[in-house]
Amino acid sequence: MNIHEYQGKEILRSYGVAVPNGKVAFSVDEAVEAAKELGSSVSVVKAQIHAGGRGKAGGVKVAKNLDEVRTYAEEILGKTLVTHQTGPAGKEVKRLLIEEGCDIKSEYYIGLVVDRATSSVVLMASEEGGTEIEEVAEKTPEKIFKEVIDPAVGLQGFQARRIAFNINIPKELVGQAVKFMMGLYQVFVDKDASIAEINPLVTTGDGKVMALDAKFNFDSNALYRHKDILELRDLEEEDVKEIEASKHDLNYIALDGNIGCMVNGAGLAMATMDIIKHYNGDPANFLDVGGGATAEKVTEAFKLILSDENVKGIFVNIFGGIMKCDIIADGVIAATKEVGLEIPLVVRLEGTNVELGKKMLKESGLNITAADSMADGAQKIVSLVN
């Protein structure tokens, strides 16, 4: 689950991590009032959406007086920002962060991620702050420094100091930088975050180390024990179909293609998307119905896929282990009848009760194309859609 920058900064502030003073605003008048209350000679007007690249898209402006705050707030609020992370549709700005300006001396990148290779949390840092870390990793990987954190003891002071020296934090500010990193790590662990990025971390003219931006992603599986984090969820920033999917315990991610996919198991779902691409098709979604799908769940999955008007065909690819193929066949038949399916449907079944499942599909009298293998199914649905 993602949260907004201003929410992330409030969490950091509660842990004693330095961030600029700021206030959230939902209207132009609120933005002006916030700037007035902050009383800074320079204010920063920042669009709040769940995506990076806001500055390049015109979503971050520096205002030197209240009139400029009003002008920029009017310009940004209601605007659709298109960045490299929003996709071509972009995201509409519905709230702003009004923040005190600061005298920036240097910019850095600090991030915490879960590293699958080491099964540990890794602290990453670079003196190339303010730019996309992916670009730094690709062009100058030697400028990224990492510390693998032992979960038994947590981030150690010597590790944070080593990072600070490696990215050339001024010696007189190393103590502040270490305190910052230790606080950030504590937030990461306490709140079950999966990503925490500060880009940029800055040093200022008056000798401070603070977060100028904050991005957090939290493990959705742990939200049951973090009611405070769950309250920060902004449903308007999420895909409506993904919200609906979560209500029915379906794992759904919308994509840009025209072939709907319904699969059981994340690995098989990814392989299904890959093989559709291999045969020159474009998957419209990732949809994992899980191991215990019922006929009702399959019906909801169909409705979800068909809610995407770009879908021109559906490929059902099921391996019946825990879930029997005849149960899936029953669900597919019921769903096809209920939604009045009018687009091509290809079904590939394998596993427990596969012959019974295939027999049920064949005798249903519905326009369902059977596939003998995953490759056969992918070829058939691509051919039918094209």
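Glycine too: its Cβ is placed from the backbone N, Cα and C atoms.
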Asn251, Asn258, Asn264, Asn386: which one does Swiss-Prot list with Gly321, Ile322, Met323 for the substrate site? Asn264
Would you mind listing, in sequence order, the residues at least six apart from Asn199 (Mg(2+) binding site) in the same chain with a Cβ closer than 8 Å to its Cβ? Tyr109, Ile110, Gly111, Gly129, Gly130, Ile133, Asp213, Lys215
For the binding-site residues Cys102, Ile322, Met323, work out the Cβ neighbour count at 10 Å and name the residue with the minimum. Ile322
Calculate the distance in Å between the alpha carbons (Cα) of Asn264 (substrate binding site) and Arg54 (ATP binding site), and round it to a whole number. 36
Ile322 (substrate binding site) versus Cys102 (ATP binding site) - Cα distance in angstrom: 58
In Å, how long is the longest CA to CA span across Asn264, Gly321, Ile322, Met323, which the record gives as the substrate binders? 10
For the binding-site residues Glu99, Glu107, Asp213, work out the Cβ neighbour count at 10 Å and name the residue with the minimum. Glu107
